[in-house]
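Some notes on the structure that comes next.
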């Protein structure tokens, strides 16, 4: 190893010295730290292919061949500074730099600020002008500084801060040096001044402590290597790590290759053959050194860790860390809060509103214990984080605060600062509570957490007028919480208090702890009552009538077309001889046409098939018609029978503005009323005119009254979505209509310029990141014991089981059809029995042909006897037919009855229905000249031949 002392005044001398060294087989060059000399040395290494390891800050963003730089890139350091400023919510900062090189380093802070609201002031200063520059910055009320000064001038700058009396808790200094621990900060420890810086070497690391022990053990007698703080500075640590990186890369290369040093010359400019392989192996090294994790990409260090240090009363302590790609991670957020604001008692006003703040009304609750709820839990967390106590008080007018356009006054919480409003602030209903314990709710829990984090105590008081705060344009005054804060009668306002422009102009707000918007509260719409014939709902009544008309029209058309077409007339017995005239018939009678049409409509078909082209066209068109109708009916039937349809008269704000039947209103003296009053959107202006002129008034003094009006029906209540969600969770008769009309947030209000705003904002952000605010929200909004049971959103539109109310009409149609069929069957039975009775057959008895020999003897009966026999024959015939029809085990075969034959059958019994008639043809056989006895099973008769009537 060759060591060359840097001569910053003579770059030629340094270059010649480097050229002399490379003649002896140099494998790597380390340093120098000066940026100008570093450029010259790198040009030599680049020409000769010698690895060049640097530990200096290089502002050149381009990658350099044969160069390895262990110093973190300035672009990454600027990102670290921006993350710290963003965490501390800096809106105005002064950057003090010593020379032009310092301005180049920090130019990204000015060109690309992380927050567009950040106001940056650049001032160059040297030891002679420190006092003048600080005085000028102080006169501009700038409290935040980024200081980039040379190490030898650092102590002088710190003394100047003390002389200018800029060393109290109001000021915050972020130094760019990595060696802040090596400077004397004893005069700043007890003045609560905020001094912050990053360090590259973690003094608590085991490896670093081991190196420190070795340095102390091997340092020469009388020659102190370590500084007074006994820490390793950044530059020596980087040089140490560069040697380690080179050693690891060289060792890895020699495991697979043999590396031979070469005597090089700057004049010949013959590059080293092994340089490229060596630089590649060094560039791939990943290890942990004194400066933290080390990793390279194209010669630039991309992996490291910066510890964020903050000065406290005893020493510099680590409060966070920063890594590339991960950003800043604050581990001790309370360290950034001013000690002057810790352990004080704040007056916090609120409004009772579920579930934000609730109150115990029993005598055994006093002080802050009277209140509970979401906001109380939040306030408790913020107070604990920031470090203050508080006293809760209620807003007198019970209003959040809105500006009256006539008087200009604000009312409510904006004036008084805190209001009872569930679930944010509520009085406890049971137990012995006093002070702050009387209150409960979301905001009470939140305030408790914030007080724990920030470090303060509080006393809760209610706003006198119970209003959040509205500006009265006539008087020019605010009321409610806003008035209380403006008069400095309270330090904080906790509750469901909306952040808006008008309030922000007179008071301050923290970061919002809850995001919300205006929505519509409405009574749950009623569902359609299930009808017995609901299966007809898929098609309108007009469509059913059209289908019926189409059925009749197609049936008649089929009958007429079939009659006209010659191809529908066919011989039913084409195999018979042609002894007589050929008889043809048409299958599409009027009744068959109706049967064919209804069969295809019901998707069942029939035994009738069109044969002519014309009838097939009619049938095809009808089939296409029935396909569309049946498919449409089936597709729509499921939705009508299985999904409960709700009658919703309004769907959004536009529906409200376009009608006058449903009254709608807001809470008076609140941000919701102010939103509609000041809105420039035509829909909301129209809604405001309706609400303003409505008699009786559309506005309600409290949420409870608005909810009651909604439950009474025909009223929509415009309110903030979080409060709406709380109400809907507890009353299944209420629901939210439409989406949010705007987007805003709830914040904790403070007087203008309060030092607590930023501290509580940081506590709120931390609680949000930890998910504690969401846990408080679930506690006060979705408590299983308080919420009503309603269908899950994912199951609301799922199919329900069909009941009698849905498809009972189908069974009614079935029963009616069966009853009608039975009635028709009875009519057919009676008609058929009458036709086949003996009296009817005798009335239509066939006379023997005149050509037959012999004569028939006739018996003449008187009319009375004939009528009696006719009635008896009809009744007996119906009785026999009825017995045959109702007999379960009777044969399914029977002889066809003939109206030309007698019913007196030989051997006729119910078990022998095929017996032969005794009278009729048998009684006439003698007259007909038929000899012999007829067998009992032979059925003989003589029909008069009839001719085809041409039909």
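Using the three backbone atoms N, Cα and C, a Cβ is placed for every residue, glycine included.
A TrEMBL annotation is a machine prediction, not a hand-curated record.
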Inset, instruction - Write down the one residue from 440, 449, 720 that TrEMBL lists together with 498, 503, 671, 672 as binding L-glutamate. - result: 720
Legend entry - transmembrane segment per TrEMBL - which of 598-620, 621-643, 644-666: 621-643
Legend entry - Listed range which TrEMBL flags as region 'Disordered', given the options 770-803, 804-837, 838-871: 838-871
Legend entry - Which range of 543-562, 563-582, 683-702 is transmembrane segment, per TrEMBL: 543-562
Legend entry - Shell of the L-glutamate site beyond 498, 503, 671, 672, 720, same chain only (C-beta within 8 angstroms of their C-beta centre): 400, 402, 468, 497, 499, 500, 670, 674, 675, 744
Inset, instruction - Starting from each candidate's C-beta and looking 10 angstroms out, tell me which of the binding-site residues 498, 671, 672 has the most other C-beta atoms. - result: 498
Inset, instruction - Just name the most isolated of the recorded positions 503, 650, 720, going by other Cβ atoms within 10 Å of its Cβ. - result: 650
Legend entry - Pairwise CA distance, residue 672 (L-glutamate binding site) versus residue 650 (site 'Crucial to convey clamshell closure to channel opening'), rounded so that it is a whole Å: 20
Legend entry - Structural state of residue 671 (L-glutamate binding site), classified by DSSP into three states: helix
Legend entry - Helix, strand and coil counts within the domain 'Ionotropic glutamate receptor L-glutamate and glycine-binding' (423-487) (DSSP): 19 helix, 29 strand, 17 coil
Inset, instruction - Report, in whole Å, the straight Cα-to-Cα distance of residue 650 (site 'Crucial to convey clamshell closure to channel opening') from residue 503 (L-glutamate binding site). - result: 32
Legend entry - DSSP-derived class (H/G/I helix, E/B strand, else coil) of residue 498 (L-glutamate binding site): strand
Legend entry - residue 650 (site 'Crucial to convey clamshell closure to channel opening') and residue 720 (L-glutamate binding site), Cα-Cα, nearest whole angstrom: 18
Inset, instruction - Let me know the largest Cα to Cα distance in Å among the L-glutamate-binding residues 498, 503, 671, 672, 720, as an integer. - result: 17
